Amino acid sequence: TEHFTSNHPERRAPLPRNMIENSMFEEEPDVVDLAKESPSYPIDSDDVVYEPRSSRLLVRGLGENDLDEEEEDYESSARLLGMSFMNRSSSQRSAAASSYTRQQPSNSCSVPSAKKMVVGILVLVIIAFVAMFIYFVPRCTFSKDGCQKTNSSIEQLYPKASNGELFPWTGLRLPASVHPVHYEISLQPNLTAMTFQGSVAISMVVLQETNKIVLHSYDMKIINSTFQDEKVNILEYKPWQQIAIKVSKELKKGEIYVLKIHYSANLSNSYDGLYNSSYIDTNGKRRVLAATQFEPLAARKAFPCFDEPAFKASFVIKITREAEYISLSNMPKVKTTPLGDGLFEDEFEKSVNMSTYLVAFVVANLSSVSKNVSNTLVSVYAVPDKKDQTHYALETVAKLLEFYNRFFEITYPLSKLDLVGIPDFLAGAMENWGLITFRETTLLIGDHSSPIDKQLVTSVIAHELAHQWFGNLVTMRWWNDLWLNEGFATYMQYMSIEEVFPELDIDNEFLSVRFKALAKDALNSSHPLSTKVYTPEEVAEMFDSVSYEKGASILLMLKATLSKVAFRKGVIEYLKRYRGLNTQSEDLWMSLSQVRSLAVRKSEMMNTWTVQKGFPLVTVNRTGIQVNLMQEHFVLNADNATDHSNLWHIPLTYVSDICNNSSSCKQVFLFKDKTEKVKWLKFNYRSDGFYIVDYGEQGWRALIIALKENVNVLPHEDRAALINNIFALSRSDRVSFRQVLNLLVYLKNETETAPLTEALTQLNHIFMLLDKRSDLLLVSRMTTYIFTVFGDLMDSQSWEEESSVSKQALRSALLETACHLGRPNCTNQANRLFVQWRTSNKTEHIPGDLLKTVLSVAAQTEKGWQVLLDTYKHSIYDSEKRKTLQALASTQDVRKIVWILKAALDGSEIQTPELPLVISTVCRHSAGYLHAWDFVKENWDKLTQKFSIGSFPLQSIIMSTTSQFSTKTHLDEVERFFGSLKERGSKMRSVQEAIETIKLNIQWMDRNLVTLWKWL
């Protein structure tokens, strides 16, 4: 369990209810702390255990790293192992005893003599004794064979290793009595047999005397092992992916010992560990390669190791390869040694100290381009056919590396940095130190790539490069604080691009992902940023929009609160103080507090955002010139579950009609002290805060009137936020859908991308719910409404090249919707461009942001679909290839839908990592979504072999196939299917999210169908 301590918890005073605490920041009067009352638990207390409200069973003492508590709480651990203790309940015993107590004599019976009474009692006592003896003595006492000797209580508690011996550890987390210092790893992949052999020598220091060493290993055949050069027996407990050795003499504290293991294994076929990848080159030949993906828990699949983030060590890696391949690892290559038989051994420099999940190696036939940047050799690798697509990435990473070196005031510590495009790669990218691996579509830019494609590639590079500091240099202690890695890297990707590549208009994208994070965090199935995780499935589920986008949103809010300069100083302090170490959230708050003395400590403020799930709804009530503010936990409440104890310290900002469209207008104060009258107030300036606002009927009316009079009365971020907030409030039944439609009237004068795309996204969601219900008349009316609001804007879009990323994003969203809904002007233009492209042998260029829309229209005909399938098979431009795949999956032909789903699962003609994209695209259309759902049910076991339980691809598949259901029949079916899975996925948080989402859809439809009929 995690502990949050405070040196002076008794000094905390409750905050008053329903008022603004203007004294929160002594140095920053323009930021307010809004809280009704202090939370019922101590938010910032390391002396008190804070247990997040969750459905997960936490077993005390299991998997803790306390050195002196390795054997603590055997009974709790045993329960987790499925063991039980044979005992009788005290209630049974008391009941048995009470049946033999004396009864009060009846008045109708004569009183027996004393002699008879004594004899009677004696007989009863003998009978009771015999009965109790028979009851409590085991039955085997009276059997022919007698009773077998029972194990000691310790033996009952320890699990059995695969060889039948007792395994000497009872926790999912490793003991901390031994810490690795250095690994020597030798690997020889066989890319023909798809196997590999390996050996590892682990030098470790003893931190607490012990007679056992426990580490991780998964699905390996151990050939031999030695400890201090003496042969030892390896015990394995497969359910927890652990191995152990027991030694006869206690290992001495402070001493260094060496464990050597020689082993063999198969290359993984599930995109983690050391796995085989393949692709078809331009000559039609299948090429193979080996690559790694170790985050979060898969280093143990490649070599036995202490596979937890806090067990940092250095590594020397040697890889044996055939002559046709090269090998890459985290560090520069030191030498290559010929071994004979066409084999070579590459040895790499000793690494910096790092966690096992950051170790990486690649064996492949690759080409590269390179340049020196700030004393670092930067290289971008790709398969030979795609070498000419690496130049944009090289120039981009060079600029970002220079920026990060300056911004963090810590120079990137390695002498080389490789970026490698891996065919058949599941993750978007992976930040391995010095060897960042990518999907080809997130690294390579060809001649046909659009500015939006460049925005994507730049974002992913910026994210992974930020990890070289946040995650690699300073690493979270355990996966419960994954947001320290991913939230920071996500925040830095947007901040750095805004600074280095302003032409990419990244601010709209950042606003959009903040809205998506709010949507997920409004569900009861969400989780705190920092939440307890133990099992591999729980760890995998942490890789979601809460850890990434909410984490980034909280950091943006903190930066806006502290100021840009102070925030940067705090970040630099954090990195320098904890360089090479592992941290938890409290360490970040401590560093930020060093640079800004505040009345409320940063930890007390920020823990309200990290240790409780969800976010606040601020309700604004105006009475004359007085404004009352109230906060509560905003949750969409599918099951009417409420929790009023959650409160936040909110840095509340606002603008008014007096001053509204400049950052200098941002202000907060106690409203009762101001005497000027304002017509309207807009809170959460530019949506920098992670909360939503309800203005009440009067407040919404005033804002709507203001926007109708002058669309530019608010910045475009605030206009988009109003649209986002009012749809969220409508889903929770706080605002009528009629009020939503009233706000959208102003859109006829809107020209900015952010508010228009937000409105389009929200209306498309409602359209798809209606479409999946097959309510054709209401679908038609909804289509007409969307065209009424956006039709003129759709028809006025250019189909030529467009340089502005923001305009491209708007055009792409508008025309994709227009063509999907069958607007003739759109489909005619798309067909015209497709015919030109096809008849010119694909040399007539289609603008990259319109390519998916044009090809999706073409895919609705047999001839067009076949042309696109051929294009997909032979294209070497990954952005084009992916858009072509989405077009193929948009078909309404059921036979083609069935084929494309099977082909993506099989992986021969469509790479399996694209299956989540295929499923989500199929589910957008009424013809395919039920087939996709049936496909998932029928192939669940195959899916969980490809994508581990809890993983992000599986989360995506679950939500894609269920999130548009809005009937009780579908709800029952989803609950029944996932309920039947048991340990095969029924407990995933995404399953709870799916069920909750369907219930919310049902509720929204029940409340709003009449309104839709009346007003559309």
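Each Cβ is built from the backbone N, Cα and C atoms, and glycine gets one as well.
Heads up, TrEMBL stuff is auto-annotated, nobody curated it.
Some features that TrEMBL has for this protein:
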type	residues	note
TRANSMEM	117-137	transmembrane segment
DOMAIN	179-358	domain 'Aminopeptidase N-like N-terminal'
DOMAIN	392-609	domain 'Peptidase M1 membrane alanine aminopeptidase'
BINDING	HIS463, HIS467, GLU486	Zn(2+) binding site
ACT_SITE	GLU464	active site, proton acceptor
SITE	TYR548	site 'Transition state stabilizer'
DOMAIN	680-999	domain 'ERAP1-like C-terminal'
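Counting only the Cα atoms, the space from GLU486 (Zn(2+) binding site) to TYR548 (site 'Transition state stabilizer') is about 5 angstrom. Counting in whole angstrom, TYR548 (site 'Transition state stabilizer') lies 12 from HIS467 (Zn(2+) binding site) by their C-alpha atoms. For HIS467 (Zn(2+) binding site), the same-chain residues lying six or more positions away in sequence with a CB closer than 8 A to its CB are GLU431, ASN485, ALA489.
Of all the Cβ atoms in the protein chains shown, 25 others lie within 10 Å of the Cβ of TYR548 (site 'Transition state stabilizer'). Non-local contacts of GLU464 (active site, proton acceptor) by the CB criterion (under 8 A, 6+ apart in sequence, same chain) comprise ALA429, MET430, GLU431, ILE436, PHE438, ALA489. Confidence in the domain 'ERAP1-like C-terminal' (680-999), given as mean pLDDT, stands at 95. There are 27 other Cβ atoms within 10 Å of the Cβ belonging to HIS463 (Zn(2+) binding site).
For the recorded Zn(2+) site, residues HIS463, HIS467, GLU486 set the reference point as the centre of their Cβ atoms, and the other residues of that chain within 8 Å of it by Cβ are GLU431, GLU464, ALA466, PHE470, GLY471, ASN485, PHE488, ALA489, THR490, MET492, GLN493, TYR548.
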